[in-house]
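Here is what Swiss-Prot records for this protein:
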ACT_SITE  His179  active site, proton acceptor
BINDING   Val17, Asp38, Lys43, Tyr69, Gly83, Ala84, Ser105, Ala122, Thr123, Asn124, Ser147  NAD(+) binding site
BINDING   Gln86, Arg92, Asn124, Pro125, Val126, Asp127, Asp152, Ser153, Ala154, Arg155, Thr232  substrate binding site
MOD_RES   Tyr223  phosphotyrosine
Amino acid sequence: MNKFKGNKVVLIGNGAVGSSYAFSLVNQSIVDELVIIDLDTEKVRGDVMDLKHATPYSPTTVRVKAGEYSDCHDADLVVICAGAAQKPGETRLDLVSKNLKIFKSIVGEVMASKFDGIFLVATNPVDILVYATWKFSGLPKERVIGSGTILDSARFRLLLSEAFDVAPRSVDAQIIGEHGDTELPVWSHANIAGQPLKTLLEQRPEGKAQIEQIFVQTRDAAYDIIQAKGATYYGVAMGLARITEAIFRNEDAVLTVSALLEGEYDEEDVYIGVPAVINRNGIRNVVEIPLNDEEQSKFAHSAKTLKDIMAEAEELK
């Protein structure tokens, strides 16, 4: 860990997601030092200059520079946004083989620097790539985190807040499972401004069809955005910044991230989106929400989908 300086993040991958995350960190002054690594060194040079020019208006000064893998040796957090991008019509799981090869190289380079901090992975398919990062790095599971369903849960809360005309922060509802097509909403524990969703729906019979559509919109949002503008990046960048903030401020915040399960939710040896307590040490523990039978069945299906894909991946054997 970075014992002698302020909080240091090394960002690997300066594409749309990575550069949006970098801007979020600087804009909110979440870090003291940000190092950016990418094969496109000229774009990194330009972004570093641009971000530096923004720092006079950030709450506190953030040091930003272009770097190399050797800069990871004293980093508190290495965030990986590098990898092949998702194309229109392509699922996140289609990206597996391409990105596993990329990650084996990246994680090897990071660990060669004597890195001893926390990994945060955003590249898709995130649940599989964070599992690969854990395997390739040899770090404890607590210090390898995936962005998981943090963005899906944010989309879900936003749409529910609009349906019930309250602020998103007044909605407590989670999307869990794979960050992808098999994810599921935890309807049984959703509440709006402290009122159980089930109770509210009893007062609005027409609302059941509406909330089912809300989940479909949540699940398919990425495809809609990719079709419209080629990629999603602002939402996930803010989600990554939120996880980073929870780590550096030692918040013990509960966020829906991709964490390794070891018996929780009746699953083993799979990274998947679940609520977890996040603090300076990474994942303190997984929060096990009691699911109803339907939710448990869907969660098991989601986990099996990921396990089946990993079983076919030569890089993980």
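Any Cβ shown, glycine's included, is placed from N, Cα and C.
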Three-state secondary structure, Ser105 (NAD(+) binding site) (per DSSP): helix
Please report the three-state DSSP label of Asn124 (substrate binding site). coil
Alpha-carbon distance [Lys43 (NAD(+) binding site); Gln86 (substrate binding site)] in Å: 21
Select one residue from Gln86, Thr123: among these binding-site residues, choose the one with the most other Cβ atoms within 10 Å of its Cβ. Thr123
Just counting, how many other CB atoms are there within 10 A of the CB of Asn124 (substrate binding site)? 28
Neighbour count first, Cβ atoms within 10 Å, every protein chain included; then name which of Val17, Val126, Ala154 tops the list of binding-site residues. Val126
Rounded Cα-Cα span from Ser147 (NAD(+) binding site) to Val126 (substrate binding site), Å: 7
Across all the protein chains here, work out how many other Cβ atoms are within 10 Å of the Cβ of Gly83 (NAD(+) binding site). 25
Sorted by position, what residues of the same chain at least six away from Asp152 (substrate binding site) have a C-beta under 8 A from it? Ile175, His179, Glu183, Thr218, Arg219, Thr256, Gly273
Work through the binding-site residues one by one (Lys43, Gly83, Thr123, Thr232) and name whichever has its CA nearest to the CA of Tyr223 (phosphotyrosine). Thr232
